[in-house]
Amino acid sequence: MPTPAHLSKDPHYFDFRAARRVPETHAWPGLHDHPVVDGSGAGGEPDAVPVVDMRDPFAAEAVGLAAQDWGAFLLVGHGVPLDLLVRVEAAIAGMFALPASEKMRAVRRPGDSCGYGSPPISSFFSKCMWSEGYTFSPANLRSDLRKLWPKAGHDYRHFCAVMEEFHREMRALADKLLELFLVALGLTGEQVAAVESEQKIAETMTATMHLNWYPKCPDPKRALGLIAHTDSGFFTFVLQSLVPGLQLFRHGPDRWVTVPAVPGAMVVNVGDLFQILTNGRFHSVYHRAVVNRESDRISLGYFLGPPAHVKVAPLREALAGTPAAYRAVTWPEYMGVRKKAFTTGASALKMVAISTDDAANDTDDLILS
């Protein structure tokens, strides 16, 4: 289907299907500065992406080791039905297959957090990414998606029903994983309950869903589906199709590790605010999405974080006798720091780090308040 004339000139839209080459607007330098290795090796191999089975009685220990060493892991045995994951992927594929004119009804304008278009972080870069995205809040799912389906017909109702079912499953899973994270920090069951009673981390966590479509690319060596970045919130579940493309950055030596596409598995990424909450014991992970010549790829990011007004600082229980490494910051405040970091090349986490002397005078802030 040809692109309507009025859309071919719209800066918010690029017709990936019609592209026979990668234009300079979408060509990224430095994509091959580091080697790429396969992360599907057997457990124990240095580049094998950790796998955590939530049914394992030692799952908390496995979560802790993966969060400390990688900042990410593959999650299996999570209890989310496979048939639901299949329906979610099919619904996402159908949405991105809509005509351009329909998708553009929901385009994300500058300053908007929800809608259709490029990834939200794309505004920080001069080059465009080889992908389309759609962001919405599960709490406002039906109103957000009315922009895309204003008549609220069958497709709208079906899409909403599938995403609402997925949200219910994922929100319950997030609570279970949060508990595993806290146990991995060394908290007892009673301490986990006390932390939740006092600070209500699980109760108040907010969720955002971001859908991605990475079209096949005529020259994947020049294009990038999603720029390397860390997630800003607590942690993220990534549901990816059976086409690999997610890569994690590893040091010693520097390299990109391709996450294997495992049926039914989800990827969990630790975010920056969780690194702050755990005082650096668990660290966020740089990751990116690459494209290929043969196949489209779909993914869904389910992002968890604190409410906008909540200040996040290291948990007392995470300090283990060490000083606080970060100052208290709200999510919006941290996003402002990240914006400065993107434009200057600095590290956002280093910009909110505090010195030992500062930590000695800042103990009253060492809570999620």
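Each residue, glycine too, has its Cβ placed from N, Cα and C.
For the Fe cation site, Swiss-Prot lists His229, Asp231; matching the candidates His158, His167, His287 against that entry yields His287. Taking Cα separation as the measure, Arg297 (active site) is nearest to His287 of the binding-site residues His229, Asp231, His287. Summary of the Fe cation site environment: with the site residues His229, Asp231, His287 set aside, the chain residues having Cβ atoms within 8 Å of the Cβ mean position are Ala228, Thr230, Thr236, Asn269, Gly271, Ser284, Val285, Tyr286, Arg288. Sparsest Cβ environment among the recorded positions His229, Asp231, His287, Arg297 (other Cβ atoms counted within 10 Å): His229. Computed over the domain 'Fe2OG dioxygenase' (205-306), the whole-number mean pLDDT of the model equals 97.
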